[in-house]
Amino acid sequence: MGEYQFRKPALPWQAGIPGFASVYFSLGLLARGYRSSRSSPSKQREEREKERERGENPPASGSSSSENSTNFIQLISISSFLMAEAAAVSALLRVVIGKLATGAWKELAPLKKVRRNIRKLQSALSTIQDVLEDAEERSPREKALHNWLRKLKDAAYDADDVVDKFHIVALRRRRRHGKVSRLFSLPLPLAFRFRMTRKIKKITKRLDEIAAERIKFHLREGPVSDRRVEIGHRHTSSAVDESEVIGRDGDREKLVHLLVDTGSDKDVVIVSVVGMGGLGKTTLVKLVYNDERISSDFELRIWICVSEDFDIRRLTRAMIECVTQEDCRLCELEPMQLRLRSLLRARKFLLVLDDVWNENAEKWDDFKCLLRGSAAGSKVIVTTRNERIAVMMGSIAPFQLKVLADDDCWTLFKHKAFGMERVKETSSLEAIGKEIVQKCGGVPLAVKALGSLMSTKRDEAEWLAIRDSEIWRLSQERTEIIPALRLSYDHLPSRLKQCFAYCSLFPKDYEIRKHVLIEMWVAEGFISPTDEGMLEEDAGNEYFNVLLWSSFFQEVTEYLYGSVITCKMHDLVHDLAQSIAGEECLTMEVGSQKNIPERCHYSSLICNEMSLTISKFSSEAKKLRSFLVLQPGDYFSHSRSPAEVPKNMLSTLTHLRVLDLSGCRIIKLPNAIGKLEHLRFLDLSRTEVETLPNSITHLHNLQTLNLRGCRELHQLPKGIKNLSNLRHLDISGCKLLERMPSGMGQLRNLQTLTMFTVGEDCGSTFAELQGLNLIRGYLEVNNLQHLKNPEEAVEAELKAKRGLRMLQLNWKREADSVPGENVENVLEGLKPHSNLEQLEIKEYGGINFPVWMTAIEPLSSYTSLVRINLSNFERCTRLPPLAQLPSLKFLILVSFSALRTISTEFYGDTGTFPSLESLQFRHMPNLEELLLAIPGRETFPRLTYFRAVGCPNLTAQPSIPSSIRSLEIQKCKMELLLAGDRINLGSSSFSHLRKLVIYNCRAPSPSWWNRLQYFTALEDLRIDGCEDLTCLPEGIVQHFSSLRIMTIGNHPNLSSLGEGGPQQCLLTSLRHLKIYRCARLSALPEWLGGLTSLRRLEIINCRNLASLPDGMRLLTTLQDLSIRHCPLLERRCEREIGEDWDKIAHIPRIDIRLTSASTM
C-alpha cells in the first residue's frame, strides 16, 4: 500500500453504542464506487513521454513565459493545500484505527450483531486511505477537491473525539473495576449512551452529505506505491553566468581542490554537495564544472540532470549523448552500457549528477558499475538536498554548503534591485532593503528573487509592504522561493507531512527540543510505527531524522555522544511550513493576540514582553488540539515568562491533546485540569507550582508530564499511579521532592523517569523500579543514604534497564555523620546494564568500590561507557582499574581526601585508557603521586586535555603525556608541568600543546619561569594569580611564534613585561593581548610594536601604568583597544588632547572608560 501501509487490526471489533455502526457505514460510502477507468499514473507518464518523442502535445500557443511562471506558482500553492489536507485526514484516520485496535470497544460492549458492520468498517477505512493517496496526487487545479477534503477532515476530527471519548471511558472502567471480564456485566450509564448517540447521529449526517459528493471526483481506490506529485520538474545544464554569482569563491576553491588534488587512486571518488533548496548547490557546481583548472585536468566532462527519475537506462543514454554529442539510437540497456564503458575506458572524467532524489542504494550500486575501467583520478559530483543520499552516494564526507554571508547577500540584492537602474538607490530604500535581505536567511535564491521583485517597485511604501510581509505570502508576486523549497516537501512520505507542518507552531529561530517535538507528535497521533512492537517514540525519532537529512532542520546541537538535543528551522523553511499548515496552525504574540478561527486546531503564543497577560479564549477556540506558550531562548535556560494563564482556558479548551505552559506564572494549577480528558502532553516545566491537584490523576490518556525545573514543587500527587498511560515523567531539577508517591511501580509504560528520590519513611520504595524496564535515557537517584536494605537495591534491577544511558547515584551526608554499614553493599546492588554511557556518583561513603567497578570481567563489559564523574569519595584510598574501559573518553575525579597515590591499580593487568581524551583531578589535598605511564604499554594514546585543580602536593610520574593539547593547573606545584630537572622533556613532550593555563601556582624558584620557553607550539597562554611572578619570561617573547592569545593578570608583584624593541619580538601571530590587575606595572615594553598581527588589546585595572610605548604607532592591524580603570593612562589617551592620543588615533575602535575622581 506504499506510504500508507499499516497492519490491519484483528477482528472482530465489537461495540454496543446505538447508531455507531451507521457512522462506519457512512464512512464506507466515501470509499464505495470510487473506482474509475483512469489509467495509472505510471502509464500516464509513459504516454506523455511517447507523445513528446512523437512531437505531440506541444505547449499552448500564445502563452508568455511570465504567464507560465505565474500559473506554475499558483499551481504549486494550490497543490500544497491539497497535499496537506489529504495528509492530515490520512493521519487522523490512522489515529481512529489505532484506537479501535486497542480493544476498548470489546470491553465496553460485547454485542455480536455489529460484527458485520465492523468488518465493513475495516475495509472502508483501509479504502479511504487509498482514496486519500489518490486525492493527494490529483491535479492541483481541483479546488473543489480541496474543499471536499476540508469537510472530510472536519468530520474526521469530530469522529476522533467520539472514539477517544469511548477509549477514555474504557480506561476509567478498567481502572475502577479491575478485570476486563467484569466490564461486560456493567452497562453504560443511560445519559452517557444518549449523549453519545446524539453525537454519532450528527456525524453520520455530515458523512452522508460528504459521501454524496464523491462521484464528481472519480477518486481511484487501491494501493499506490512510490508516487510523487508531478509538478515543477527541474532541468539544469552546465551553463552559468559567473557575473551573477556572488559570495561562493571560497566554496569554489575548496571544491576544485577536492577534485584536482585528492583521490588519484584507481577508484572513482564521489563528492556529494548537500544543502537545503535555494542555497545554490547547482550554481556552485556549474562554477566548478566550467573552471579552467577542471577543464584542463579532466579529459571528459559530463553533466546529467537526474531529478526524480533515477533510471539507469535514461542516465546511460544521457551520458553517451553528452560524450558523443550525438543522439543515441540504442534501445536495450546492455548495448548502451557496453557503449558507455568503451567511451569511458582509460579516460579521466568528471561526471555531475545534479539534483538527485533517489534513496535506493541498489540503483546507485548498479549505476556505479558503469564507471569501472576509467582512468585514475576520475570524479563524480552529486548535488542533493538529502543528507542521507549524500552519505549513501559519497565516498568521502559530504560537502555541506552553507548560507551566504550578510555582506554577500546585500551585494547580490543590490545587483538585482538597483543594478538595471530601474529603481534609484536611496538611503531610505537601502535601509529597507537590508531589512528585506535579513528575511532571506542567507539563501541566494531568496535574495535574487526578492531583489528582482524590488526592481519593479519604486515607491518606499511598496518596499515597506514587502519588508513587513511573510515570504510565503508573496507567491502571487511571482517569486520562486517557496515553490523551490516545496519540492523537498513533495518528496516527503505522506506520514511526515503533517509532522513538518506542525513545526510552524514554533517561532523563527526557536530552539526546538527534539524529544519534546517527538512527544508532541505522538500525543497528536501523527506517528505510525512501521514494525510490530516498535515504540511510537522510536518511530518518531526516525521521522525526525528524515526531516533532518532532508534539510528541514539545521543548527543542530548534539550531546556528548552525537545524539541530537535541539535544532532550528531556517526562516524560509519555516515560511514553507506556514504555507503548508495554512489555517490549521496559528502563531500569535502576547499583546497582539487574534481570534482563533474555528478551523484552527493547533496554536502557539509567543511571549516576548515582560509583564503581559494572555487574553481570554473565545468559544471559537474550543476545537484546539495543541496550545503552546513559548519563550524564545536557550534550551537550558531557567528563565520564566511573566505570562499569566487566563482562568477560562481549561474550561474552554476541552479538546486539547497538547498543552505547553512551560515557564508561565503558575503557582497553583486549577482542579479543572482534570477535565481535559483528551490531554496526552502536559508541560509545566519552569513554573512555580508547589503541588499538583489530585484531579490531574484523572487524565488517563496522559503520556507526557514535564515538571523539569519546578523548584517549588515539593510533592507529586498520591494517585499518580492511576496514570497508566504515562510514558514520560521529567522531574529533574525538582530539588524539594523528598520522596516518591507509592505505586510508582504500576506505571509500566514509563519510558522517562529522570529522578527518583528515596524517602526516609513512607512513600514509594526503591524496589518499585523493578518492573519499569522500559525506562531509558537519564535517571538520577537521590538520597541513597535512606536506602538501608541492600536487597532493595538489588530488587530495583537497574541491570535489567537496557535503555538507560546516563545514571547518577547521589548520597547526602551530613557533617560528622558516619556512613551506614551497608553503603558498600547498596552500591553493589545498584549495578547498571552494560549499555550505560555515563556514570556519575556523588558522596559515596564507602571505602571500597563494588565488584562491578573493580573486577576486570564485569568492568570491561561496559563497552559503551564514555564518561565517569566521581566526586566526594572521602574515605576511598584506592581507585578502580578504570583503564580497562575500552570506550571511556572523559574521567573526572573530585574530592578524594584519603587518596595519596594513584599507581598501577588504576590500570589493572592490561589497561591503557585507549580512548580517554579528557582527565581531571580536583581538590585532592593529599594526593602526592600520579603514575601516568606503565612500562611496556602505550598509555593515554588519545589524551588531549589534562586539568589539575587544588592538588598542592601532586607530581606526575614520569611526566604528563606528550599527546596533551590543552593543559590547566590551578593551585598546584609548578613542578607538575616538568617533573624534576628534566628540562629536555619540554621541547619533545609538549610539541602538541596548544593551550596552557596557570592559575594561582607557585614556582620553586624565580628562574623556574624560564622553562616556559620550551612550550613553543602554544597558541593560547593564560597566567593568572601567581604572586612570585615579577617579570614576564623572555622566552615567551622570543620563542612563541605560534601564540595567538595571551592573558596576563592578577600578579601583584609583576613590574615588567620584559625589554627589547619590535625587532626582538617574535610574537608575530598574536591577535589578542589582555593585561589586567597588575598593580606594580608602570610601563609597557617597546616590543609591543612587533605584534604585527595584533587585532585586540585590553588593559584593565593597571593603576600605575603611566604611558603607552611609541611602538603603538606600528600596530597597523589593531582594530580594538580597550583601556579601563587605568587613571594615569586614561588621561594621556584622552581623545584629541591626550599626550598619547597620536599613538592610538589610527585604531578604528577605542573604548576608554574614564575613572571618576572618587575612585582614583
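Including glycine, each Cβ sits where the backbone N, Cα and C put it.
Check TrEMBL against the ranges 111-138, 195-222, 727-754 and you find coiled coil recorded for 111-138. For the domain 'Disease resistance N-terminal' (93-182), the model's pLDDT averages out at 63. Each residue in the domain 'Disease resistance protein winged helix' (505-577) gets a DSSP state, and the totals come to 33 helix, 12 strand, 28 coil. Across the range of the domain 'Disease resistance protein At4g27190-like leucine-rich repeats' (982-1103), the DSSP-based residue counts are 28 helix, 28 strand, 66 coil.
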